[in-house]
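Take a look at the structure set out below.
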Amino acid sequence: MSDTLASPSPETASGIPDYPMSRSAGCPFAPPPGVMALAAAKPLTRVRIWDGSTPWLITGYEQVRELFSDSRVSVDDRLPGFPHWNAGMLSTVHKRPRSVFTADGEEHTRFRRMLSKPFTFKRVEALRPTIQQITDEHIDAMLAGPQPADLVAKLALPVPSLVISQLLGVPYEDAEMFQHHANVGLARYATGADTVKGAMSLHKYLAELVEAKMANPAEDAVSDLAERVKAGELSVKEAAQLGTGLLIAGHETTANMIGLGVLALLVNPDQAGILRDAQDPKIVANAVEELLRYLSIIQNGQRRVAHEDIHIGGETIRAGEGIIIDLAPANWDAHAFTEPDRLYLHRAGAERNVAFGYGRHQCVGQQLARAELQIVYRTLLQRIPTLTLATALEDVPFKDDRLAYGVYELPVTW
């Protein structure tokens, strides 16, 4: 796959390349060749996005970690210069209450503290038997059904959806509804009208659920938020926004990682064998870290804006300029990882990947995602050792048009 590292980047008449960029059909797991060409030249550069603005694209591993940790960088998407993902996201920015995803400083700390309880290492470890049971039940159903089977529909999507539904206290029968509304705003060309409609529907649903949990609490995360509302620490709107974010992040990203990860393993059977034969949990854990590094499913950058001048990588990011922190080229940075374009599940230092971000804004649910991936990959390969792709790789429908990369379908046989 090393030929993907030197391809030219698309440029506008001004010489500033457009972003996002297209991936290579010949190597769908690699970051876009144009992005890798920019990264090979320098760790940050200007790019042009959908609205004509030219934020900084950060591709170097060290620079990514540095900016993730820099208090002069803001996640506040209301600030001028913030490089929004699409018109839909921009259109809803002043309609959404603040949340852990868009707050800085003490406000961010307050929100994160309110979300931390269900995602502690202890709570996640206690969930492992439940995740294992859900995984086994869906593999049982897949084995009992016809071939080929769509692994996305049969396993990759329902497992994390069920897990996050149970964790949050959201009825699973509503999963199709929240998946639909969540997906609307994640599309590259989502319109303002579509995004507003989806966001309002999800927010209304979560607000009503928070109010219901205030009257009848249970052992779940939405009930925890409801208790915060009753204590005067959160408004119902804030609690609903936090719950909405967890609901979207808790199933969409993990589902994509399961589907794309299984595909990567199927086209690298020697590496699949490492997971299939693994008895040591440490080997399984490291394999997941390497898959996270190799695939980096948040494919079009974590969005930020500078509120002070920042000198980094030989450039100066001025206050008010947008920043896009691209995880994929950072995780393929040859200065940080030897042979980065190679999937190697025994890789030393794989845990240094930035797939979940870095610093104070790194993913609050990362321990849950790791547990799900460890269980699903190993169980699937051990229970169905003859699992194979039922179509040509070039015929697999990839999510090139989404914020989170993955596959729409994954036909498999055994």
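Glycine is treated like the rest: Cβ placed from N, Cα and C.
Here the structure is a predicted model, which means the values were calculated and not measured.
So that you can see what the record holds, here are the features copied from Swiss-Prot:
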REGION    1-21  region 'Disordered'
COMPBIAS  1-12  compositional bias 'Polar residues'
BINDING   H108, Q302, R304, H361, C363  heme binding site
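Shown here: features listed in Swiss-Prot, placed on the structure.
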| residue | record | Cβ contacts under 8 Å, 6 or more apart |
| --- | --- | --- |
| H108 | heme binding site | V75, V100, R360, H361 |
| Q302 | heme binding site | F68, I324, I325, L327, G357 |
| R304 | heme binding site | L67, V73, S74, V75, F82, G322, I323, I324, I325 |
| C363 | heme binding site | A249, F356, G357, A369 |
(Q) Please give me the CB contact count at 10 A for H361 (heme binding site), counting all chains in the structure. (A) 20
Q | Residues flanking the heme site, with Cβ no more than 8 Å from the Cβ centroid of H108, Q302, R304, H361, C363 and excluding those residues themselves | A | F68, V75, F101, G357, G359, R360, Q362
Q: Express in Å, rounded to the nearest integer, the largest CA to CA distance found among the heme-binding residues H108, Q302, R304, H361, C363 named in the record.
A: 16
(Q) For Q302 (heme binding site), which of the three DSSP-derived states applies: helix, strand, or coil? (A) strand
